[in-house]
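What Swiss-Prot says about this one:
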type     : residues             : note
SIGNAL   : 1-18                 : signal peptide
BINDING  : His19, His96, Tyr179 : Cu(2+) binding site
CARBOHYD : Asn51                : N-linked glycosylation site
DISULFID : Cys59-Cys182         : disulfide bond
CARBOHYD : Asn75                : N-linked glycosylation site
CARBOHYD : Asn110               : N-linked glycosylation site
BINDING  : His162               : O2 binding site
CARBOHYD : Asn218               : N-linked glycosylation site
CARBOHYD : Asn251               : N-linked glycosylation site
Amino acid sequence: MHFAALAILSSLVASAAAHTRVWGVWVNGVDQGDGRDIYIRSPPTNDPVVNLTDPAMACNVDNRVVPQWVSVKSNDSLTFEWYHNTRDDDIIASSHHGPIAVYVAPAASNGSGPVWVKIFDDTYTTSWAVDRLITAHGQHTVIVPDIPAGDYLFRAEINALHQADVLYDQDPLRGAQFYISCAQITITPGGDETLPAGIALPGAYTDSTPGIVWNLYNGSDPTEYVAPGPPVWTDALGGSIALVGIPVLPNTTSSAGVAPTGAA
């Protein structure tokens, strides 16, 4: 069998048990505890969003206000930690190559309308962003922008490309797979940079958007890949994909969380 066909078959098999979502966040290297349904607007499953017109493109399925908010300051480091089934397993299948992005929006919007501002993305350098995320135990960091104090949604996005050679509209069993989690974050104190106009999700990603269709298996040069969405906001403060701390919470598949402690 041709290598490309084998690779596609392998990705199909792996995708059945390779999904992911965010467990919680770290602030300046301090674990804020299990955030699922506590300060993370956790979806009921770790399945991806594949329909670009689905309202779940904003904050995944079951977007709603959850009980708590994590307190940060402008210029703090905010780290997302992804997981598969438990906190100590591989966070996603190694076949799920692709980029990572982080957006921010005022919480009052509930993620609706042209409110999402991209503050970080990472595609391919010497390896795909997701490959490096696996090595980093699912942890990637953004620096909290110098935006005014208030409540915000920080939206982490993985775009897995292992089935992105075909549009979802052409084959509902395929298409780019978006793993999305939104964290409720309170910035206090804040800064004086005004967020620019954002994009709407759903809406901004369409079948013709660069980065939605990509064939991992036909020899395409990954350094030419362009991530979906706008460029990173020019006043964003950057981020990285790297391990910031070793999880210490008990290994559990329950959705119960503990109160976040905020920045230390």
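Any Cβ shown, glycine's included, is placed from N, Cα and C.
Of the glycosylation sites Asn51, Asn75, Asn110, Asn218, Asn110 has the largest number of other Cβ atoms within 10 Å of its own Cβ. Per Cα geometry, His96 is the residue among the recorded positions His19, His96, Cys182 nearest to Asn218 (N-linked glycosylation site).
Ranking the binding-site residues His96, His162, Tyr179 by the distance of their Cα atoms from the Cα of Asn110 (N-linked glycosylation site) places Tyr179 first. Put simply, His162 is the one of the recorded positions Cys59, His162, Cys182 whose Cα lies nearest to the Cα of His96 (Cu(2+) binding site).
For Cys182 (disulfide bond) paired with the residue listed as 'O2 binding site', the C-alpha to C-alpha distance reads 23 Å. The two recorded residues, His162 (O2 binding site) and His19 (Cu(2+) binding site), show a Cα separation of 12 Å. Its own atom aside, the Cβ of His162 (O2 binding site) has 26 Cβ atoms within 10 angstroms in the protein chains shown.
Nearest to Asn75 (N-linked glycosylation site) in space, judged by Cα atoms and limited to the recorded positions His19, Asn51, Cys59, Tyr179, is Cys59. Between the listed binding-site residues, namely His19, His96, the fewest other CB atoms within 10 angstroms of a CB are found at His19. Sequence-distant neighbours of Tyr179 (Cu(2+) binding site) (same chain, 6+ residues apart, CB-CB distance under 8 A): His19, Thr20, Arg21, Asn46, Pro48, Val49, Trp82, Ile92, Glu157, Ile158, Ala160.
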